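The structure under discussion appears below in the form of structure tokens.
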Amino acid sequence: MNAPHDGDRGGRAPDDGSQPAEDPYVRDAHKRDPSRRTPYGDDPATARYTGVDGLLSRSRDDEPGDEGTAGPGGTTGSARDDAASDPREPAAGHENRPPERPQVSGESRDPDDAFAHLFRDQTRGHADGARTSSAAPPSPRAESTPVQDPRSSTSDPYDGERRPLPDEVPARPGQGPGFEAAHAAPAEAMPPPPEPDAPAPPLDDREAEQEPPEKGAEGTGGGGGRAAGLLRSSAIMAAGTMVSRLTGFIRSAMVVAAIGAAVLGDTYQLAITLPTMLYILTVGGGLNSVFVPQLVRAMKEDGDGGEAYANRLLTLVTVILGTLTVLAVLAAPLLVRVMSVRLAENPQANEVTVTFVRYCLPSIFFMGIHVVMGQILNARNRFGAMMWTPVLNNIVIMATVGAFLWVYGSADDSGLTVGNIPPEAVRLLGIGTLLGLVVQSLAMIPYLRASGFRIRPRFDWRGHGLGKAAKLAKWTLLFVLANQAGVLVVTQLSTWAQESAAAEGHAGAGWTAYSQAQLIWNMPQAIITVSVMAALLPRLSRAASDGDTGAVRDDISQGLRNSAVAIVPIAFGFLALGVPMCTLIYGPSGIDAARSMGYALMAFGVGLIPFSVQYVVLRAFYAYEDTRTPFFNTVVVAIANAVASAACFLLLPARWAVIGMAASYGLAYVIGVGIAWRRLRLRLGGDLDTAHVLRTYIRLAGAAVPATLAAGAVVYGITVALGSGTLGSLASLVAGGIALAVVFVLAAKRMRIEEMTAMVGMVRARLGR
């Protein structure tokens, strides 16, 4: 350990009187960590604040051939050597690794859920970067290689040599009662991948020795290095996701304009929800949690690059989903009753719903085919197709609904209900919805062929790991089951409330209003929080793998605070802008129904904050390859949501029941965050930078409250003057949004919120370019 600063740093010439510009410990830490992450968070007094923009900016500086032979991470060779020789650097990273629970004699351990291996492989891929075209071909899998227990091994399959774990780890501060239970060793791990021909050097050394990728190499761009290639891939995926969500949002608005938000609208919403639910419950969870990790391993280890394994998987999924689709179509009336007893008991509504469901159920088959093809492409470093092809689905459905509107007009003008809608209209919407999924799936085939993959049916499923892999998804499948059980409860209650509210003359009080408001409410989370965590995910995964609990804590804190800068004002903004937003978007379905959706959006509103926090906190458990804790947390959230929603259904008038259910959703996540936060504290054995995080959220909320009041006053004044029509809603939304943004920024600046200051600086820098 270096001595404190005494002028000569303990190893230089005598003091010449000059003083360093910053704390020498911080400077040394910055030499070892180019991300400039200080041990206890970003301190503006000693380090430049690092946010998402900083991550992006650093990647542009990672040009090969920089002075000092900087590696892809931007760390020069000398800095890396300093880091390697610094006795403060934990070489193996085991000092902070949570202690393992000793195995009791005779105790059997279940294998890890394969989703943990998927998360590890994907994040390790982000950390390691894409393989260049000059990489050696994959070595064939050695079937006879003995399985080695990874916990007793002295070599790490990813990070090279490491020391064995100590028999006992002394307790650190903060390890209270229950700490050992929270740190119990995971179940018997999956066998590690075969060792390469030569031992892999540590991660930083691998980066230093990597040759700059050739221009045009897959997953990279010319001259930008692997980090730039990763960012380009991420940018393609993010752009595809945003365009897909935008077109999907327009599609949903058009559907509501065509058939309204009353009982008829609920029949269609149920018909498009049911196939997705069945797909996730039967095959979807297994594909994402088990077969995809196996696919990635096969492509790395098999002599044919995993093509035979991929064809077996594609053939197996085709057979399973084809059979499931036929059975589901035959059982459509029973499935409708399971989803909504109220619709099933209404003869007219039941007939329309069953017809819609039978048109939409074959989409189960095409969903699975699309996912398998997309994951095959992702394993080959071709990421754009899976994100962009859903846009084709949305375009086809938008064209279908446009034709419907041209023939029948909007719901407010046509007066269509479950009792008078023509069979041709039902057929048009049903076939158009299915056709969108067909186009989305078939559009993947040219991309597969361009990647060199050839589709060939393979029915030799035995003896290739498919059956064994299918048994490993229990926790992920239970996670999905708990999630979908909560959706089922809300669907039953909301469709029941819609029937009762419609009898009282109120529209937009059912499942359609709930799902459309939730669609708007979820967009900031999908765009902002997910993007922030995508930027932090490589660092978080590496820190968890190295047992660096301090770095994990700092990354989670940074993710929470960075996302909060946008999430908190948007969540409060829904309170002021929810009604004009929905009356503008869904006005053609009827002003009463659109206003009900606006109230539902307001009720969802502030719940966006705990929903976003939950997403960030659970990433830490996944980084530690722990899928059990997220499952149990999801069960708690689902139960809380179901109980609160049932209470709202029983206690509130029918027209307000769905509004209460929307508020219950956020309340359930408040409970979930409390439990997840406590579990993560036990896992990391100390505080989670709670004071810093809470201070940031409280100050942001303090700035958002006056901004929301100002925006609400503007919206109220314009609505009184211009009404709730298209012009009044547009004026209210624009003026209210401006008032919200201006007051919030001024209040945050006045309160000197450092995260807000960093974001404003980033925006100014972008505009200045």
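Here the Cβ of each residue, glycine as well, is placed from N, Cα and C on the backbone.
Now, the feature entries from TrEMBL:
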- 1-15: compositional bias 'Basic and acidic residues' (COMPBIAS)
- 24-40: compositional bias 'Basic and acidic residues' (COMPBIAS)
- 79-100: compositional bias 'Basic and acidic residues' (COMPBIAS)
- 107-129: compositional bias 'Basic and acidic residues' (COMPBIAS)
- 130-146: compositional bias 'Low complexity' (COMPBIAS)
- 159-170: compositional bias 'Basic and acidic residues' (COMPBIAS)
- 189-202: compositional bias 'Pro residues' (COMPBIAS)
- 218-227: compositional bias 'Gly residues' (COMPBIAS)
- 1-227: region 'Disordered' (REGION)
- 246-264: transmembrane segment (TRANSMEM)
- 270-292: transmembrane segment (TRANSMEM)
- 313-336: transmembrane segment (TRANSMEM)
- 356-379: transmembrane segment (TRANSMEM)
- 391-408: transmembrane segment (TRANSMEM)
- 428-448: transmembrane segment (TRANSMEM)
- 563-586: transmembrane segment (TRANSMEM)
- 598-618: transmembrane segment (TRANSMEM)
- 630-652: transmembrane segment (TRANSMEM)
- 658-677: transmembrane segment (TRANSMEM)
- 697-718: transmembrane segment (TRANSMEM)
- 730-748: transmembrane segment (TRANSMEM)
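In this chain, the transmembrane segment (730-748) touches the transmembrane segment (563-586); three or more CB pairs sit within less than 8 A of each other, excluding pairs fewer than 6 residues apart.
Comparing 356-379, 428-448, 630-652, 658-677 for CB pairs under 8 angstroms to the transmembrane segment (598-618), the maximum falls on 658-677. Two recorded stretches are said to be in contact when at least 3 C-beta pairs lie under 8 angstroms, sequence spacing 6 or more; the transmembrane segment (356-379) and the transmembrane segment (730-748) fall short of this definition. Among the recorded stretches 313-336, 391-408, 630-652, 658-677, 697-718, the one sharing the largest number of Cβ pairs closer than 8 Å with the transmembrane segment (246-264) is 391-408. Ranked by the number of CB pairs under 8 Å to the transmembrane segment (658-677), the listed stretches 313-336, 391-408, 630-652, 697-718 are led by 630-652.
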